[in-house]
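Visitor: Structure incoming, see below.
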Amino acid sequence: MNLRQQLTQLLSIAYVFTSAFVAWKALSIVANSHSPIVVVLSGSMEPAFQRGDILFLWNRDSQAKVGDVVVYEIKGKSIPIVHRVLREHHGKDKQFLLTKGDNNALDDLSLYARKQNYLNQKTDLVGTVKAYLPKVGYVTILLTENMYFRYALLGFMGLSALLSGE
């Protein structure tokens, strides 16, 4: 393979990654959420959502309602949590939410940050679930939990890139 073909292949790969990044950012802007797509990582929302389901979020609604399924993040923790709004309270121009997993016995008070009794809708919510695809996100779980699967996939992708003659 000559230099021109290698550069063309490199540009094609860069184009794919750039296109994916631009699509992600556009979706983030439209949904008004820094993470408009998340994967369910636990069984806390069964039977509504199963582990591995992909959730599509929307954060343009002014307020969440009791019964809505929301995704939130706790300060200092990087894993988003998918649970249903159990109660809501209103303060001065603020909405506070108490959440609970459908499959959990207790509300999420023990999951919140220290001295935090409710989620702040503006600062803690990533978005409200509007649609989902069942089991499609299970590949993400396999990639994070199984290092052999991750290395096999990376090896396959690298080998495919080397062997493709385009």
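Numbering starts at 1 and runs along the chain as displayed.
Any Cβ shown, glycine's included, is placed from N, Cα and C.
Pulled these from Swiss-Prot:
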type: TOPO_DOM; residues: 1-9; note: topological domain 'Cytoplasmic'
type: TRANSMEM; residues: 10-31; note: transmembrane segment
type: TOPO_DOM; residues: 32-166; note: topological domain 'Lumenal'
type: ACT_SITE; residues: SER44; note: active site, charge relay system
type: ACT_SITE; residues: HIS83; note: active site, charge relay system
type: ACT_SITE; residues: ASP108; note: active site, charge relay system
type: REGION; residues: 152-163; note: region 'C-terminal short (CTS) helix'
Visitor: So how many of the residues in the region 'C-terminal short (CTS) helix' (152-163) end up helix, strand or coil by DSSP?
Guide: 12 helix, 0 strand, 0 coil
Visitor: What Cα-Cα separation, expressed in whole Å, is found between ASP108 (active site, charge relay system) and SER44 (active site, charge relay system)?
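Guide: Pair distance, Cα basis, whole Å: 11 Å.
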Visitor: Under 8 Å between C-beta atoms and at least six apart in sequence, can you list the same-chain neighbours of HIS83 (active site, charge relay system), or say none if there are none?
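Guide: Non-local contacts for HIS83 (active site, charge relay system): SER44, MET45, VAL69, VAL70, TYR72, THR99, LYS100, GLY101, ASP102, ASN104, ASP108.
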Visitor: Can you tell me how the residues of the topological domain 'Cytoplasmic' (1-9) break down into helix, strand and coil by DSSP?
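Guide: Its residues divide into 7 helix, 0 strand, 2 coil.
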Visitor: Including all protein chains displayed, how many Cβ atoms other than that of SER44 (active site, charge relay system) lie within 10 Å of its Cβ?
Guide: 19
Visitor: Measure the Cβ-based neighbour count of ASP108 (active site, charge relay system), defined as the other Cβ atoms within 10 Å of its Cβ.
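Guide: The Cβ of ASP108 (active site, charge relay system) has 21 Cβ neighbours within 10 Å.
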Visitor: Using DSSP with the three-state reduction, classify ASP108 (active site, charge relay system) as helix, strand or coil.
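Guide: In three-state terms, ASP108 (active site, charge relay system) counts as helix.
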Visitor: For the topological domain 'Lumenal' (32-166), give the DSSP counts of helix residues, strand residues and coil residues.
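Guide: Going through the topological domain 'Lumenal' (32-166) residue by residue, I get 32 helix, 41 strand, 62 coil.
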